[in-house]
Amino acid sequence: MSSVLYDVPGPAARRRNTLIGVVGTLAVVAILGFVIYRFFAAGQFSPRLWEWILYVNIQYLLLDALLATLSAFAVAALLSLVFGAVFAGGRLSDHRWVRGPATAVVEFFRAIPLLVLIFILYYGVSRGLGIDISAFWALVAGLMLYNGSVLAEVFRSGVRSLPRGQSEAAYALGMRKTQVMTTVLLPQALRAMLPTILSQLVVVLKDTALGFIILYPELLYQARFLGSQTQLGAPILPVALVIAAIYIAMCLLLSGLSKLLERRLSRGPKAGAVAPKDPELELVGGGVR
Amino acid sequence: MDVLFDNLDLYGVAFLGTIELFVVAGIGSLILGLLIAALRVSPVPALRAFGTVYVNILRNTPLTLVLFFFAFAYPRLGLVDLSFFALAATGLTLYTAAFVCEVIRSGVNTVPVGQAEASRALGFTFTQTLSQVVLPQAVRAVVPPMTNIQIALLKNTTIAAGFSVVEAGGIYANLSERGYNVLVGLLWVALGFLILVVPLTLLQRRLDARWSVSR
């Protein structure tokens, strides 16, 4: 395999690479071994700390927590998509009085840390204005405002990245603005953007973990609760490990789906013509918050 | 206005904490991210695999969970006692490094192989090829998205506040102790972040417009 950084390796380079590979593997094994040894030395692998897995009540508790996480994710994902579509439409509008406010809203919610947004909704509004917002809705609304704004940008650059000829041809055929958008531009843009949209949904899923900080009883919150139970031996490390495995499995599944789609779509006809080349978008696709 | 001016001390300390955390984790993530990116583009398959595993796991872990580990689980391991600031900075560094690595890697990948082949054909050595042909082009592609990652890090520092590092996101607790309107207090925090983030976003857009190369 040739790369821009090195040529196809010859026999000497191949030997050197094998050596580096062996040394590198040993180093990684040593680091992992040390971590596992520390866990062992700190008594985190003692059976007493893992007993909780066997209790049916705790299994139900974790199942409820998983449901709480997933329901926040589902509602927030749906609302984010709607919010994103509406504000992308606003930003693409020909009327300045629509475009201006839509741009301001999107830029505002993208610049504010999600947690501050959630705090404003949960603590600020309830204590400042006396309107009670439940932890669930504060979390979901925060996720919607933030990820919806990011998705609005995704939709907008999706439409923008289409060749101009597409809309010109549609106008030439006598279509109206709405028709051009809904029958010509959006279907193409959505197809190109689907992987990016899915990876943004991974961000939504990851961010539901913020619910822990405002005491929404999701997975991480229950992990903290179980981890502090002294009659179970306060098994916070074992619980955290199990919860981490659940989160990572769910997110990997969603990321995998997005990668699969990306590969499928790039193999299809005419792909690349509508692929986003905006590096910002690529990043949004990278799932950074 | 009163909420801001009566508590300037609080806001000053908190935003200073945000910026400190941002600078420490920012530099840390750039260094670690560069190292992992070097693994991911190296000619050694085993190292590439380790880099890929690291990036995939960290990118699919909620940051809250990473900080949860450092806040609650790390102290149980009986290792060196670290301040909460150090633990939060470590967690943010490990998390952000995965994104930094991906940006660097894709930046290197935007340089066509033909560029290196042409420079080798001209008799350039490896160091010359790297420093005069590949890296200048890669850097152009990397800097705008890197700014974005660092902006995300700046906003992410607030999550450390959920685990009570002195930092801008934690102001609300202190304000409600002092008996001020929490909503107004938090809106000032939001404004503070707007002032920090918006110039960086504008810079990023500018770099992007000026440096993007059409290939």
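Each Cβ is built from the backbone N, Cα and C atoms, and glycine gets one as well.
As annotated by TrEMBL, transmembrane segment applies to A:19-40 (among others). Tertiary proximity for the transmembrane segment (A:19-40) is limited to same-chain residues at least six positions away from its ends with a CB under 8 Å from its CB atoms, namely 237.
Positions annotated as transmembrane segment by TrEMBL: A:60-90 (among others). Remote same-chain residues near the transmembrane segment (A:60-90) are listed as 98-99, 101-103, 105-106, 136, 139-141, 143-145, 147-156, 159, 181, 197, 200-201, 204-205, 208-209, 211, 216-219, 221-222, 226, 246 (criterion: CB distance under 8 Å, separation of at least six residues from the stretch ends).
Feature annotation from TrEMBL assigns domain 'ABC transmembrane type-1' to A:62-258.
Residues or ranges marked as transmembrane segment in TrEMBL: A:102-123 (among others).
The transmembrane segment feature in TrEMBL is assigned to A:135-155 (among others).
The annotation transmembrane segment is assigned in TrEMBL to A:197-216 (among others). Tertiary proximity for the transmembrane segment (A:197-216) is limited to same-chain residues at least six positions away from its ends with a CB under 8 Å from its CB atoms, namely 68-69, 72-73, 76-77, 80-81, 114-115, 118-119, 122-123, 135-136, 138-139, 142-143, 146-147, 150-151, 154, 224, 247, 250-251, 254-255, 257-258, 261, 284-289.
Look at TrEMBL and you will find A:236-257 (among others) tagged as transmembrane segment.
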